[in-house]
C-alpha cells in the first residue's frame, strides 16, 4: 500500500488523501469534511430538507391557482420524477460519496463546464431557498400580528441559522433529527385530523366529502395555465430531496447508508405529500381568502386545524410550521455551504471558500451563502407574499434543472460503468436504467417549458416570466463561457474516472460482506418479514 498526501497553496485549506491499493486497484480520495452523520440523522435530514415551506405554505398557492385536482395530479407526477431521480442519484453517490455529489458528478461524467454551471446554479438555489424560508417566517408571523417588523424577525433567525451551521456537523444532524420528528408527527396528526374534519368533525358539524371539488371552477382552476403553474410550486416543494447526497461527504459508511436512505425516505415523503395534498384539497376550498396574494399567504394546515374548532390549535400548528420552516432553511444553508466548499475543492471558486475551522466545518462557505439570504429583507418593500412567489419560482426551476442533470449524469455514469465492466462493484443499482434517467431528462425539460404559461395569460407578466425562465439562459451562458475559457472536453465513456473517490474497495469491502450475510426476503420468517417491512418504512 502506498499513501500520497497532497495539499494546495497555503490559502487553500483543503487537503486530500489518496490511497492506492495495488491488489484491487481501488483509489480513494476523501476530503477533510468530518464523517459524523449517522444513518438515523441522514434519513431525517432528507425529510428536513423536503418537508418544509413548500408543503406547509406552498400548497396554498397551488390550490388557489390550479384547484384541488391539478394540485394532486401535479404533485403525484413530480413525486414520480423524484423517485427516479433518487434511484439515479443513490446509485452514483453510494459508489462515489463526495461533498458536492451530483454537481461534481455532472463535471466528472459529462463535461467540466456542465459541472461548473450546475454547481453554481444549485448553490444559488440553496442560498435563495434560505431567503425564501426567512420570507415565509414573516408570512407566518402575520397570523398573529401585522405590527411586528418582519425584517427584524428574519434577521434574528438568519443569525440563528448561521450559528447552527458553524458548530459541528454532528450537532447540526442531531438538531435536524428532532425537528424532523416534529414535522413527521405534525403531518400524521394533520392527516388524522383532516379525515375527521372531512367526515363532520368541524365547527359546522357537516360532512364535507368532495364538496370542494365541485365549487366554482374546481377541480381544475385556471385551465391549462392553472394546471401547468402548479408544477413549479410542486418542484419547489419536493426540492431538497436530492440534496441528501450532498451529505455523502460527511456520512458514516455512505455505501451502506445512502442506499437505505434512497429507498426509505422517498416513500415516507411521497405518502406525506400525496395524503397531505389530498386532505387539503378535500377540506379547503380554492376560494378561501388569502391563500395566495401579494401581501400574505395562509397555510392550509392552519386552516384545517381552525376548522376543527380551536383557535388555540390554529396557533399551535402555525408555531409548529414556523419551526419546520426554520429547519428547512437550516438544511438549505447547510447544503449550500457544502456546495460552495465543493466549488473551492474543484477550483471552480476562489480557494479561500474551502477553508475549514477546527471542527472541519466550511465556515467561510457558510457566511458567503448566508449573505444571499439578505434577499428576504426586500419583503418590506415588495410584499412578503409576492417576493416569496418569485423566490419559489426561481428555486423550483433550479430544482428541475438539477433533476434533469442528475438523469443525464446517471445515464452516462451507468453506461460507462457497463462499458468498463465495473457493474459488479456497484453497492446499489438503479433498476430504472436506461429508461428512468432518459424519462427524467425529457419530462423535466417539457415541464420547464410549459409551466410558465401563467406568465402569458391572462396578460403578460415580465417579472413572473423572468423568475420562471431566467435560469435557462444563465446556465447556457455559464457552460459556454467556462468551456471557452478552460477548453473543457466532453468526457468519453471509456476514459471516465470511476476510481477516484470511490469509498469502498469493491467486492471485497464491508458493503459486499454485509450483502453476502443478509438474508433474502423470501427466506425470512413471518415475524422477520413484518419487522423488515416496518424497518423499511420507518427506519
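Placed from the backbone N, Cα and C atoms, the Cβ positions cover glycine too.
It should be emphasised that the depicted structure is a prediction, and the values quoted were computed from it without experimental measurement.
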Of 23-41, 42-60, 61-79, the range TrEMBL tags as transmembrane segment is 42-60
Students should find that the transmembrane segment stretch in TrEMBL, chosen from 318-338, 339-359, 465-485, is 465-485
Check each of the ranges 93-113, 177-197 against TrEMBL and return the one annotated as transmembrane segment.
177-197
Of the stretches 122-144, 177-197, 218-238, 265-284, 432-453, which racks up the most C-beta pairs under 8 Å with the transmembrane segment (465-485)?
432-453
The recorded stretch from 151-171, 218-238, 390-411, 432-453 sharing the largest number of CB pairs under 8 A with the transmembrane segment (122-144) is 390-411
The recorded stretch from 218-238, 265-284, 390-411 sharing the largest number of CB pairs under 8 A with the transmembrane segment (177-197) is 265-284
Do any residues, 6 or more residues outside the transmembrane segment (390-411), come within under 8 Å Cβ-to-Cβ of it, and if so which ones?
54, 58, 61, 81-82, 84-85, 88-89, 91-92, 102, 105-106, 109-110, 114, 118, 121-122, 124-125, 128-129, 131-132, 135, 231-236, 238-239, 242, 375, 430, 433-434, 436-441, 444-445, 447-448, 463-464, 467-472, 475
